[in-house]
Amino acid sequence: MDELIEPRFQVVVHNKVKGGYRRAGFALQKGPNLLMGVTETQIAALRADPRLVFGSQDPMPTESIEKTEKRLQGNTDGSEKSRLENSPLPADLTVEQLKAKLAELGVNFDKKAKKADLVALLETATQATEPKEDE
C-alpha cells in the first residue's frame with residue numbers, strides 16, 4: 001500500500017463535434033459533458049484536443065457517498081434548508097439572471113464574464129450592501 005493514490009477530478013468538457021466522440025476513455029455527447037473521476041493524464045489528453053473546450057476542473061470529494069448521505073440525513077432540523085432558501089445566490093441562477101442582478105445593483109462587469117466570475121461579483125456586492133451584525 002505504498003502506492004500514492006492519483007488525485008481525481010470532476011471536469012466539464014464541451015464537445016464541439018458529434019455525439020459519441022471518444023477521448024481519454026470517455027464517450028462525449030455534443031455540448032457540455034460532466035466527467036467524474038478524471039485523472040491528470042486524462043485531463044492533459046482532453047486539453048490537447050482542439051475539438052474540445054475544456055471547462056472547469058474541481059477536485060473530487062474525498063468523503064464517501066455513504067458518509068455524505070448520513071451527514072445529509074442527519075440534518076433534520078431544517079436549518080440547512082432555510083439557510084439555502086434565504087441565500088441571495090440560489091444555485092440555479094442563469095448567467096442572464098446573474099447579469100440582471102448585477103446591473104440592478106449597479107455593479108460594472110465584463111459582458112463576456114464567465115458564470116463563476118459573475119457569482120463572485122454578486123457575492124461581493126451583496127456582502128457590501130448587507131448591514132453588518134456588529135453595527
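Each position is counted from 1, following the chain as shown.
For all residues, glycine too, the Cβ spot is worked out from N, Cα and C.
Per TrEMBL, domain 'Mu-like prophage FluMu N-terminal' is recorded for 11-58. Note: the domain 'Mu-like prophage FluMu N-terminal' (11-58) comprises 9 helix, 26 strand, 13 coil (DSSP; helix = H, G, I, strand = E, B).
Look at TrEMBL and you will find 52-89 tagged as region 'Disordered'.
Among the features that TrEMBL reports, compositional bias 'Basic and acidic residues' is placed at 64-84.
Annotated domain 'HeH/LEM' per TrEMBL: 90-123, in sequence order.
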## Note on the structure
Residues in the domain 'HeH/LEM' (90-123) per DSSP class, helix first, strand next, coil last, are 19 helix, 0 strand, 15 coil
